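**Student:** According to Swiss-Prot, the protein has these features:
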type: REPEAT; residues: 8-47; note: repeat 'WD 1'
type: REPEAT; residues: 50-91; note: repeat 'WD 2'
type: REPEAT; residues: 145-184; note: repeat 'WD 3'
type: REPEAT; residues: 189-228; note: repeat 'WD 4'
type: REPEAT; residues: 286-325; note: repeat 'WD 5'
């Protein structure tokens with residue numbers, strides 16, 4: 001797998017997202033702008049300027065009409081994908097660490113930081129998909145995280161629940177209409193934060209990554225842990241591959257803890273695990289520093305990773321990836 005190296009950011013990557021068609025990649029970094037790229041050749045489609053601080057998060061609606069971003073300047077911004085125009089800015093008391101559209105992009109959730117006496121919150125905003133129409137200032141729902149702040153969050157199937165990962169390693173399930181807390185489960189080791197939460201294609205289950213060096217596959221309905229992937233390094237990101245039963249994990253020693261310059265020493269590789277058998281099946285090297293974010297093409301043709309080194313690496317899966325099977329899987333096919 002020869003990667004395409006995308007060099008559009010001057011500082012560490014924070015998040016990568018593919019659009020639903022898998023042909024455009026959006027990336028954010030700590031350098032105040034969002035980049036859009038063509039996935040097949042790495043050509044830059046454009047940049048979105050306006051934020052006044054590190055951008056932590058981005059998401060794109062299913063029709064690739066609008067994108068939303070959250071940043072350290074305490075704002076959520078809505079952008080027109082085609083023109084790069086900022087359609088709306090919502091102000092908050094603290095930094096916004098995660099944004100995600102629901103399945104039909106009529107609502108957007110935003111996770112805010114706990115800081116300066118303000119508690120961490122999950123806020124839901126109503127979205128108008130017409131780029132020429134007005135956007136509402138009102139918050140449709142505010143969930144306050146009094147126990148432990150939320151670090152990541154997302155919408156389950158049919159936008160039924162809001163699932164949040166917390167700083168204390170727990171995962172919560174909220175009713176998306178009322179904001180009522182339905183479940184809270186200690187999925188990861190106490191006080192080691194959940195660093196990422198990404199969905200299966202049908203949003204009935206999700207994968208979490210954590211500083212406790214594990215990733216977990218969790219059922220969205222009852223927060224039951226179905227699979228555990230054990231690694232030897234703190235994880236920053238985890239993603240589920242469609243088509244094949246794999247998960248991709250990314251992490252590495254924290255940048256400030258790195259004392260050696262060898263990429264091998266810091267464990268800066270994307271790791272592939274078998275989703276069902278929980279075994280590591282391969283690694284992809286390349287980043288010079290921890291992997292901060294991994295994202296998989298929704299069509300299952302490839303994946304992208306973003307690192308502390310400021311690069312996005314886009315990989316197209318080759319034939320060997322699609323042909324790979326466990327002996328058990330081969331036996332089942334032959335029957």
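Cβ coordinates are placed from backbone N, Cα and C, and glycine is handled just like the others.
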**Student:** List the helix, strand and coil residue totals of the repeat 'WD 5' (286-325) as derived from DSSP.
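**Tutor:** For the repeat 'WD 5' (286-325), the helix, strand and coil counts are 5 helix, 17 strand, 18 coil.
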**Student:** Given a Cβ distance threshold of under 8 angstroms, which distant residues of the chain, six or more beyond its ends, lie next to the repeat 'WD 1' (8-47)?
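**Tutor:** Counting only partners 6 or more residues beyond its ends, the repeat 'WD 1' (8-47) has Cβ contacts under 8 Å with 53-60, 62-64, 67, 69, 71, 79, 81, 84, 255, 289, 292-299, 301-302, 304-312, 314, 316.
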**Student:** With helix taken as DSSP H, G or I, strand as E or B and everything else coil, how many residues of the repeat 'WD 4' (189-228) land in each class?
**Tutor:** 0 helix, 22 strand, 18 coil
